[in-house]
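These features come from TrEMBL:
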type: DOMAIN; residues: 21-246; note: domain 'Phosphoenolpyruvate carboxykinase GTP-utilising N-terminal'
type: BINDING; residues: ARG80, TYR225, GLY226, GLY227, SER276, ASN391, SER392, ARG393; note: substrate binding site
type: BINDING; residues: LYS234, HIS254, ASP301; note: Mn(2+) binding site
type: DOMAIN; residues: 250-608; note: domain 'Phosphoenolpyruvate carboxykinase C-terminal P-loop'
type: BINDING; residues: ALA277, CYS278, GLY279, LYS280, THR281, ASN282, ARG393, ARG424, PHE519, GLY520, GLU521, ASN522; note: GTP binding site
type: ACT_SITE; residues: CYS278; note: active site
Amino acid sequence: MTATIDTQTTPPTTHAGILAWVTEVAELTQPDAIHWCTGSDEEWAQLTASLEATGTFTRLNADRMPNSFHAASDPTDVARVEDRTYICSVDERDAGPTNNWMDPEQMKDLMRGLYAGCMRGRTMYVIPFVMGHLDAEHPMFGIEVTDSAYVTVSMRVMARMGTDVLRRIEELETAGESPQWVPALHSVGMPLEPGQADVAWPCNDTKYIVQFPEERMIWSFGSGYGGNALLGKKCYALRIASVMARDEGWLAEHMLILKLTSPQGVTKYVAAAFPSACGKTNLAMLKPTIPGWTVEAIGDDIAWMRIGEDGRLWAVNPEFGFFGVAPGTNEHTNPHAMETIRKGNSVFTNVALTPDGDVWWEGLENTPAEATSWKGEPWTPDSGELSSHANSRYCTPIKQCSILADEYDDPRGVPIDAILFGGRRKTTIPLVTEARDWNHGTFMGATLSSETTAAAVGAVGVVRRDPMAMLPFIGYNAGDYFGHWVGIGKDNDAAKLPKIFYVNWFRRGDDGDFLWPGFGENSRVLKWVIERIDGQAAAVETPIGHVPAPGSLDIDGLDVTEEQLAQALAVDADEWRAELPQIQEWFEKFGDDLPAVLWSELDTLKARLDA
Ligand code: SAT
Ligand code: MN
């Protein structure tokens, strides 16, 4: 039995372009019904009820987690599928060496074959959405068409969507502004024959996540999960937006945005890029351990940054929710996230379900004596298996975050003072290093490396280069992307641009233990960063940049000795020499497309290590 959704027969828009596209998609995919999303509470209630009816959702105990739901995906559909993700630029060269590429017309032929009749037996949801503010100078619209109610519900958490968006597009159209909108087509790829029962998590073994950069268009097929299916997030706000940013002179980056206020009331804004599942969300909502300092959140995953009239780099978070990794999230690692989640209105995917109707995951307090694992099997702490998938997620409205900065609602965003690049490395990379200048910072970003995590399908723990933490998200030739970064430095007043730092919370000592406690204690590193910008903290120059001078990083009251800190900050010339051929090999991938400036930075690094 399926609960019914209102399906209007008359589309609620007169926008010819949108109507034509939706009609074309419906003719190709053959849905039983079309529902234009309003974004209302009633719609949420209907959709979540229909998801309960199909067994996709289990409603959680309202006393613990009001208006919230548990979902378990198909065990084969648990993360972004990078090997199935394509940048279909007209010219193969424009996809560059880090992306999969196929000729766009060939890809469209192939995918039209997959899409033909793929929504039979299902409702097609039309989701008008905007990434960023509806009242931005140029609102960044999109229309996602999907046959997944799960995706529709999740999109309502993650993006501003619904009738208001449609009205704004029409308004601008009427004013003669022809606002751009990104068509984003998604199907789980599992049509239903008449009488065929649905499964809790429909998907298809054949998956394609495809960006057409010239057309600013997204086609996704076969997966219902996260970044593969919520097309406003990685596909639009990073891959397609990075192409727009290249063409228009701004930056679309995989960065959190936070506001830091000192005991003296001085406010700074920090943007930070880390690969998925490296603690970015924790840093975004950090609870400082040093007295008098406060952190407010603005974004946890994506930053769009434009040079303002004042010459500074202004950032907005284009998203409306948090899509955070659940395992490891708890009262210690991220108390603000826990508080945000507990307010409800959330969707949990691939975590465990407790007998009293709550969710649980590894690392959360109060381990239950028994639970149902993400695979739907009975689980106890002695099961010898994880209760939750390592990439299981909470999906929660950002407005519930009690430390959300007021500036979140400002369409102009915030002026960024510091950019941090970070990865997960057991060795070599110090706790914090300050770049000498913008180009050196671009070199740090371009050579960023990290041990892989469960956020993408594939081996975990392997060191890979992840430039600006954007490897799976750069929508064009990464060589050109580095050139774009260099260009931002060249075309603007360096004194007004943010200072760049490289951090590594994950360095380990000889005993294999972490050298730095991380989490709330990372506020100490932020404090040093801010004090550097204000010319207050001391640093020593090393071949790789400036690291904190002894005594300059505040470890007052912390259970870390000066010796441990020295190890965390050490620049080991031999480790770095071992890194050089890897960087060389990485750069060679880009051939002539790598900006010469980055080769000079590598030469400088070599020379400094030998000096
Ligand atoms: O699945 S998502 O791509 O949305 C999450 C992530 O990898 O950061
Ligand atoms: Mn991310």
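The backbone N, Cα and C atoms fix where each Cβ goes, and this holds for glycine too.
On the structure: features taken from TrEMBL.
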{"residue": "ARG80", "record": "substrate binding site", "Cβ contacts under 8 Å, 6 or more apart": "ILE209, TYR225, GLY226, GLY227, ASN228, LYS234, SER276, ALA455, ALA456, VAL457, PRO472"}
{"residue": "HIS254", "record": "Mn(2+) binding site", "Cβ contacts under 8 Å, 6 or more apart": "LEU238, ALA273, PHE274, ASP301, ILE302, MET468, ALA469, MET470, PHE473"}
{"residue": "CYS278", "record": "active site", "Cβ contacts under 8 Å, 6 or more apart": "GLY422, GLY423, ARG424, SER450, THR453, ALA469, PHE506"}
{"residue": "SER392", "record": "substrate binding site", "Cβ contacts under 8 Å, 6 or more apart": "VAL325, ALA326, PRO327, PHE348, THR349, ASN350, VAL351, TRP361, TRP374"}
{"residue": "ARG393", "record": "substrate binding site", "Cβ contacts under 8 Å, 6 or more apart": "GLY226, PHE323, GLY324, VAL325, ALA326, PHE348, THR349, ASN350"}
{"residue": "PHE519", "record": "GTP binding site", "Cβ contacts under 8 Å, 6 or more apart": "GLY279, ASN282, LEU286, HIS332, THR333, ASN334"}
Averaged pLDDT score, the domain 'Phosphoenolpyruvate carboxykinase GTP-utilising N-terminal' (21-246): 98
Close-lying recorded positions around ligand 2 among LYS234, SER276, CYS278, ASP301, where CB distance stays under 6 Å: SER276, ASP301
CB-centroid shell, 8 A cutoff, Mn(2+) site LYS234, HIS254, ASP301, site residues removed: GLY227, LYS233, ALA237, LEU238, SER276, ILE302, PHE473
Residue among binding-site residues ALA277, THR281, GLU521 with Cα closest to the Cα of ASN391 (substrate binding site): ALA277
Where the C-beta lies under 6 angstroms from ligand 1, the matching binding-site residues among GLY226, GLY227, SER276, GLY279: GLY226, GLY227, SER276
Neighbour tally for LYS234 (Mn(2+) binding site), based on other Cβ positions within 10 Å of its Cβ: 27
Secondary structure at ARG393 (substrate binding site), reduced by DSSP to three states: strand
Packing count at GLY227 (substrate binding site) (other Cβ atoms within 10 Å of its Cβ): 26
Substrate site shell beyond ARG80, TYR225, GLY226, GLY227, SER276, ASN391, SER392, ARG393, criterion: Cβ within 8 Å of Cβ centroid: VAL78, ALA79, PHE323, VAL325, ALA455
Cβ neighbours within the same chain of GLU521 (GTP binding site) - under 8 Å, at least six residues apart: THR289, LEU558
For LYS234 (Mn(2+) binding site): DSSP state (helix, strand, coil): helix
Number of other Cβ atoms within 10 Å of the Cβ of THR281 (GTP binding site) across all protein chains: 26
Those binding-site residues listed as GLY226, GLY279, and which of them has the most Cβ atoms within 10 Å of its own Cβ: GLY226
